[in-house]
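Step one of this worksheet: look at the structure below.
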Amino acid sequence: MSTERLLSKHYEKEDVIGVKEKIQREFLHLKLLMKKNVKVSVRSWVSSVIELSSPIFFILILLIISKSPAITNNTTPVIQSINIPQCIANAEDRCFNLIVSPSNSPTVLDLMKVIAESNDPPLQIYQYSPETTGILPDLNMTMGLKGGIIMVPSTAAAFDFVKAHPNVTMGGIEFKTIPRNFTTYTHKQDPLVTTDNIVFNYNLLTNTSCPNFMIKCVDNSMSITMALQNAINIYQSKRLVLSNTPSINVTTGTFPVYQPTSNAVTTYGCLFFYCGPMISFIFLMYKITYEKEKKLKTGMIMMGLSGKMYWVSWFFTCFIINVIITNITIATGAASKFEFFLSTNFFVNFFLFFLFTLSMYQLGFLISSFIQTTKAAIGIGMTIFIVGSILQLIFSLLGPLIFQILYETDSKYARAARIILSAIPMYHFSKAVTDINSIAQTYQFTGVGFKWSDLTINLATPGVDIPQTAASLYSLFILSIVFSILAWYFEQVIPGNDGSSAPPYFFILPSYWGVTKKKIKHLPNIPQFQDPDVNNAVNYAHSDSNHSSVVIQGLSKTYKNLFNSKKDVHAVKFLSLSVEKGTLLGFLGANGAGKSTTIGILTGLIEPTYGDAIIHGHSVVNNISEVRKITNVCPQHDILWPELTAYEHFALFAELKGVPAKQREAAIQNAIKSVKLTSVAHNQISTYSGGMKRRVSVAIACIGSPKIIFLDEPTTGMDSQSRRHIWNLIKEIKKNCVVILTTHLMEEADILADRIVIMANGVMACNGNSLQLKNKFGEGYSISIVVKRPECIPEVKDMIFRALPASKLLSESADLLNFGFPINTPQDILVNFFKSIEEITLNQQTSPIRDWSVSHTTLEDVFLSVAKLKHL
Ligand SMILES: Nc1ncnc2c1ncn2[C@@H]1O[C@H](COP(=O)(O)OP(=O)(O)OP(=O)(O)O)[C@@H](O)[C@H]1O
């Protein structure tokens, strides 16, 4: 029967799992993984405390810096020059604002009406009295969004207004005297009118101060003067009874102005606020790569945990840590009385820190998909942190200037720099911090901090297209999404520790999304193998009458070399075999023989180039999730978290493997007893020896009545007593399932295996039980000889071949020689041989042999002779 037909026959057996069950399973996995993450975080509390308290640490440093005399001297804004603050709100039509005093002069009011009417667009005139509106009137409420002329009673009131609304008033006029002959009779009561003066006296105040580097400073004195002179002319021509034109005396006066102040937060805020999230970023990279390096992730997936939920659980864990760190940052900043935090809308700060941390986390996920070791993770994390710190310091000190240069210049370099910087979360973070700082630094005088609505205002000079603060937050959000997508993509495409990877175009394959089944490719013909038993096993695996629990058909795996196809590695070549329930298959082979690749394929970690394996009716290529439900694994590397106890491991895997809640405790206790760990079951794994950890791994592999168990060197590192105990346990559990055991201990395979397959260069070299293999590949007896020195080897070989002409050299390593000779060697030859070897070794001085022994052929001998043969 063709392989396709046989496979399709098997597929008929597949269970159709309902969507509801699938969702429930995914949620169960998420719950288990979240539990694990929380427990690990709680148990490794020192690192968790360091991670969560890092924002406190860095903000406290900033607080100490801010208290240093050098910085505090600089924190109070000084009235540096007496000018009218520059209006920065042109976009809201406020830049036509003039602040004019005194408001009790009817002539001044008339003049202002002329200016207001002749202005294009016309201005409105507002009366502002500190007594009625309070010291800090809301500009929007008082005068609407349009600009206008603000009449104030006195210069002092003008000062108050300017203090309340820095940078919205373009200039001011303080009238001092008005010539008597300039007024109409109705204005004789004007307090500014002087009888003996024909000079128009006023003080012109223009705002030439720049709130920050982002603002282009414009001197409006000329336009104000011209507007006023024009108004005087119009007024005079229309209404004056006198023909004399008054002379005008303009002076410049002083006005309070907010010079942007530098303080610890404006100077170093970008740097110190950035450090807390970055420490968490390094921790995250470490945690993810730790699970990768220790193959915990792979192990969990082999045991059936959902790969998707693995990432979702990390996402939620990061989300929780992010929310905690963000709130700690804001609370510490507020407790430190930094206006950056006190005056800014909570949600603005929340989103700023949350989105920055989120984007860094996603970048961490992305970078982690390229690296395999914690060393690399820490190295790269620290490098990013240091380079980022330098950037933050530069932005802290020169941020506004940099933004101005970047956005005012339209050179190709500026454009390129903008594009590059836009992909860097630190850049958006420092831009937003600088924006918030530019408002927060005047908070103590204005009482107005960074509001939610300020996210969308243009803090820069009109015409300079510097992005609004909201753009920085959007960018952080978009970067988070882009990094997540790239992390997901590269996680699939970059080969992991197990060497598995998806093709670069995997996302366009319908089979990736579960819409269709993967197309299984088969080699057209079943090849002929040298060994008849292997041929039989292969033919049976492809036969119609095969109903074994595990049926492997034509499994092949080629690791392609992208640059040179001659260097392609054919790790597994047409492996076909079947394993019945209740059988322990010893799967042996030298290093590089193809065992791990085969196990990787059977556990769904590696996609075969050709062929498939059907495990209890489920294809490993197309239905691996069902295979994993019934499969348990004891990988070479323990899937154990040092922070969890053995009990917690058993509980986790019992629930994962679907042990009903009522039977779970019994299953856990059973597992603990089976590997004799009762007294230490509640101790953390970090306190266990290597052998004890192996015992936990073996017990995990037995939990939940699996139908197939993969044991990869299960007894490595165990003492002989524990090893024998585990062997008994394995003998017990194999009764109800299939066990596939890979080991380098031939004694272990000999004792446990019902059937042994030895792989050599990717090919099944032999297949049979231990006795069959010994008879077939062994030489009856084997002599092991330890020579004194390597130079003695030729002499010893010569001696053995002379004494036992039918003997064969089985292996030769350092000073150990292994010969085999047939069981039917004539007795007299044997007697002579023993005599001569005894004589040689009697003389310790001259003998080239240090030690020798004779035994029946061992599996080791079989293994060594099989490794030498060519098999295809
Ligand atoms: N990701 C990979 N890319 C390229 N070649 C690989 C990859 N993984 C394994 N190989 C090659 O495939 C062959 C089989 O390797 P495999 O790991 O399956 O051997 P093994 O029998 O498990 O060896 P060991 O006993 O050392 O674990 C080896 O030649 C190995 O170098």
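Keep in mind that glycine also has a Cβ here, set from the backbone N, Cα and C atoms.
The annotation transmembrane segment is assigned in TrEMBL to 44-65 (among others). If one looks beyond the transmembrane segment (44-65) by at least 6 residues along the same chain, the residues whose Cβ comes under 8 Å of a Cβ in the stretch are 71, 264-265, 268-269, 272-273, 275-277, 279-280, 283, 321, 324-325, 328-329, 332-333, 336, 338, 643.
Within its own chain, the transmembrane segment (271-290) is flanked in space by residues 47, 50-51, 54-59, 61-62, 296, 314, 318, 321-322, 325, 328-329, 333, 353, 356-357, 360-361, 363-365, 367-368, 371-374, 376-378, 380-382, 384-385, 388-389, 392-393, 396, 426, 429-430, 433, which lie at least six positions past its ends and keep a Cβ under 8 Å from the stretch. The feature transmembrane segment is assigned by TrEMBL to 271-290 (among others).
Sequence annotations record features per position, and here TrEMBL assigns transmembrane segment to 311-334 (among others).
Feature annotation from TrEMBL assigns transmembrane segment to 346-367 (among others).
Only residues 6 or more beyond the boundaries of the transmembrane segment (379-403), in the same chain, are considered here, and those with a CB under 8 A from a CB of the stretch are 212-214, 266-271, 274-275, 278-279, 281-282, 285-286, 363-364, 367, 371, 424, 426-427, 429-431, 433-434, 438, 460, 466. Annotation comment: TrEMBL describes 379-403 (among others) as transmembrane segment.
Positions annotated as domain 'ABC transporter' by TrEMBL: 550-786.
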If we skip the immediate neighbours and take only residues 6+ beyond the ends of the transmembrane segment (346-367), which ones have a Cβ under 8 Å from one of its Cβ atoms? 273-274, 277-278, 280-281, 284-285, 288, 311, 314, 318, 322-323, 325-327, 329-330, 333, 340, 377, 380-381, 384, 425, 428-429, 432-433, 436, 450-452, 454-455, 469, 472-473, 476-477, 479-481, 483-484, 486-487, 490-491
Over the domain 'ABC transporter' (550-786), what is the model's mean pLDDT? 90
